[in-house]
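Data first, discussion second: the structure below is written as structure tokens.
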Amino acid sequence: MAVDPHLCEMEHFEANQQESSAAPAKLPSNFKKELSKFYMKQQKRKVPTDTLPSASVDIPLDDYVSFANHLKSSSRIMALFGAGLSAASGVPTFRGAGGFWREYDATTLATPAAFAHDPSLVWQFYSFRRHAALNAQPNRAHVALAKLAKTRPDYLAVSQNIDGLSQRANHPAENLQLVHGSLFDIKCSNAKCSYVEEDNFTDPVVPALQLPDDVDLSDPKIPLKHVAVEDLPHCPLCSSLLRPGVVWFGESLKRSSIDRIHDWMDKGPIDLMLVVGTTAVVYPAAGYIHSARIAGARVAVFNMEESEEEGAASNLRECDWFFKGDASRIIPEVLKEVIGVVPGV
């Protein structure tokens, strides 16, 4: 979808022309084209040449300039993170077709019923994921977004990711809501117990969950060791089994996070909405984009693919942007006039 953000200003100009005179003079046929050229010339003067996008990154200059100028003038910014943010870090997501771990459909392991039936298997699956996430590194997009959060006190990021990479990139915790929880949070499986431990980056969580160094446990041909239930993590308060602090299928999103997001959105107009690495097809993600737009936000989508049928990129308006490509390369470029240059990670 071609996005031409400067048409917003052009349409506003034409509307004013019509309101200022009962019989406005007829504009030349090339008026829009010439006004567009003039607008972009003026906008480019506002962007220092040393902050223009790198030639190695394919970003349309018009989109880059209009986005950079809007970003500089934006104070209330909301961001939505999806799996595409972490793609360049090499973190397996186990989502979509082919999302198998060993011989198991990963979605069948991410349920309360699976944990009740075989807590050892579920814990070994999540130990594998924790280990993979800890061996990955935050990429330049994680770092750039963390820097943006530090430059805009009235900024809020809503992350659907559980890999902990935003936290490890030093994204301010007060500006980051993890609506699906985190691989590195642990909580009691007893609904009557309130024990929660956040940001436990110990690997393994307990000695019995130590992964072998020389084999890949995602290969179903590799035997999975038996781990006794008594050797799994247990709650220090009530002695029940501890479980990963993620939102499983069939469970509600974190209430505290949802409340925090709604409170922030209700505070006032929103200038800009960043949608990074997600199609945002399902709710509440899709609803956040809609609500931000109602609150005045222009929307910038960063994704590898542009869907014409559904998702965030299919509903863009003339004043919005779509940046196609690897978020780890695109995000640092389009934010650098505000955050500075992000070095290679």
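Positions of Cβ are set from backbone N, Cα and C atoms, glycine also.
TrEMBL annotations:
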{"type": "ACT_SITE", "residues": "His180", "note": "active site, proton acceptor"}
{"type": "BINDING", "residues": "Cys188, Cys193, Cys235, Cys238", "note": "Zn(2+) binding site"}
{"type": "DOMAIN", "residues": "54-345", "note": "domain 'Deacetylase sirtuin-type'"}
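Feature map: annotations from TrEMBL on the structure.
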residue: His180; record: active site, proton acceptor; contacts (Cβ under 8 Å, 6+ apart): Ser159, Gln160, Asn161, Ile162, Val246, Val247, Leu253, Lys254
residue: Cys188; record: Zn(2+) binding site; contacts (Cβ under 8 Å, 6+ apart): Ser194, Tyr195, Val196, Cys235, Leu237, Cys238, Ser240, Leu241, Leu242, Arg243
residue: Cys193; record: Zn(2+) binding site; contacts (Cβ under 8 Å, 6+ apart): Cys235, Leu237, Cys238, Ser240
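Those residues of the chain, other than Cys188, Cys193, Cys235, Cys238, with a C-beta within 8 angstroms of the mean position of the Zn(2+) site C-beta atoms are Ser189, Asn190, Lys192, Ser194, Tyr195, Pro236, Leu237, Ser239, Ser240, Leu242. In this view, Cys235 (Zn(2+) binding site) is surrounded by 18 other Cβ atoms within 10 Å of its Cβ, with every protein chain counted.
The number of other CB atoms found within 10 A of the CB of Cys238 (Zn(2+) binding site), across every protein chain shown, is 14. For the domain 'Deacetylase sirtuin-type' (54-345), the model gives a mean pLDDT of 91. Taken residue by residue with DSSP, Cys188 (Zn(2+) binding site) is part of a strand.
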